[in-house]
C-alpha cells in the first residue's frame, strides 16, 4: 500500500535502524580520545566531530536517496566508469581488510585484554586473539542464517546499558571538571577543525555511501514511492538516529576531557575507556566491557566482510564469494597484528584523501536536481578536489613517508600555495573553485543550447 508519509512509530523504527548502522563499539575510542586531546576546548572540538562523524553520514544517506543510487558506484558514476570503480574499490578496501575490519579486532583487544598483559606479551596476545577473532568471523560469515542480527539485537543494547551506567556514575561522581584540563597545542587554536578531522576516523560517511541503500530500501518498503517523500523520510528518521549517536559522542568527549584529572593522555581511546570502566566498575566492569566489546565488534566485522565479499563478487564474478571472504579475513588478521596505533596512523592519510572526494560527491549529489545531474560539473569539481587531496594525504602520512625529500617538497609547495593546508583543508578552496567553474560551464552550455532550440 502506497503512502505519502509515515507515522512516528515508523520514524522511530527507521531511526533505530540508522542508529544501529552507525553506532558501534569500535568507534567509541575516537570521541573519548578527542576529549583527552581537546581538554578544556572539548565543546568546540565535539561540534566539529559531530559535523563530520554524524551529520556527514546523514547527508550521504540523503545523497543516495535524491539520486536514486543503488550504492557508491552509482553515486560516483557521473564522474565516469573508471572513477566510480576505483572509488568503490578504495572505499571498500578502507572499510574492509585495510583498516576498518582489522580495527574491529584491535579495538576490543586494546580495551579488554591489553591492559591486563605485560608489554612483552602484548604482541603474542594480539596474535592469538586476532586469530581466534577472525576465525570465528569467517566461520559464521560462510554460514546462512541471521546470527549476526540476533547477536546485534541482544548484545548491542547490553553494551549501551553498560555505557549508560558509566555515564550515570560519571554524572554522580565526576572525574573532575572539563573546563580546568589542558588542551594539547593543536587544540588550543583549532579545536573545531581538528575535531572535524578526528571525525573522519569513524568512517561512517564512507559506510553510509557504501551501505546506505539498506536504509532507503527500508523506507520504500513502508510504501513511500515519491522521491520527495523518500528524501523527507530519510531526513526525519536520520535525524532521530544521529541525535542518539551525537549525544553518546558528546558524553564520551566530555568524559575523555574530565579523565585527564586521573589518567595521563593515552596513545588511543581504547586505553582511556578501559581505565574509566575500571575506575567506576572495577574488575567486574573490565570483564563485562571486554566481553561485550569483543562480541559487538565481531558482529560489525561479520557485516563488513560479508558486504565486502558480496560487492566484490558482484563486480568480479569470476572470483567466488568465499575466495573474497578468505582473502578479507586473512588480510585483516595480518594487518590487525600491526596494532591499533599503527592501523590508525596508516588509515589517516587514506581518510584525508577519500573524505574530501566523498564530501564533494555528497554535496554534488544533493544539489544535482538543480543542474540536471550534469556530469561536467561533477568532473570539474572532482578534478579540482582530487589534486589538493593528494597533498593533504601526503602531509598526514606517517613519518617514514612524510620525511622523504619528495614528500617534503610537496608539503612545502602546498604550504605556500594552498589556503588552509596547515589545517588539513587544502582541498576546500580548490573544490569550491571547481564547483563554481563547473556551474559557470553548465550555465554557458545551457544558454548556448537555447538559440538552437528556438531555431528548430
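The first residue you see is number 1, and the count goes up from there.
Any Cβ shown, glycine's included, is placed from N, Cα and C.
As written in TrEMBL, here are the features:
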TRANSMEM  12-30  transmembrane segment
TRANSMEM  42-62  transmembrane segment
TRANSMEM  82-101  transmembrane segment
TRANSMEM  121-142  transmembrane segment
TRANSMEM  154-179  transmembrane segment
TRANSMEM  199-219  transmembrane segment
TRANSMEM  240-264  transmembrane segment
TRANSMEM  287-308  transmembrane segment
TRANSMEM  329-347  transmembrane segment
TRANSMEM  353-371  transmembrane segment
TRANSMEM  378-397  transmembrane segment
TRANSMEM  417-440  transmembrane segment
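Touching of the transmembrane segment (329-347) and the transmembrane segment (82-101) is concluded from the presence of at least three CB pairs under 8 A, sequence neighbours closer than 6 excluded. Only pairs six or more apart in sequence are counted, and the transmembrane segment (240-264) with the transmembrane segment (417-440) gives fewer than three Cβ pairs under 8 Å, not enough to call it a contact. Using the rule of three or more Cβ pairs under 8 Å, pairs at least 6 apart in sequence, the transmembrane segment (82-101) is in contact with the transmembrane segment (199-219). 417-440 is the stretch from 12-30, 121-142, 417-440 with the greatest number of Cβ pairs below 8 Å to the transmembrane segment (353-371). A contact between the transmembrane segment (42-62) and the transmembrane segment (12-30) is present, since 3 or more of their C-beta pairs, 6 or more residues apart, lie under 8 Å. The list of residues near the transmembrane segment (154-179) in space but at least 6 beyond its ends in sequence, with Cβ under 8 angstroms from a Cβ of it, reads 20, 23, 25, 28, 35, 39-40, 42, 248, 251, 254-255, 257-262, 276-277, 279-281, 285, 288-289, 292-293, 295-296, 299.
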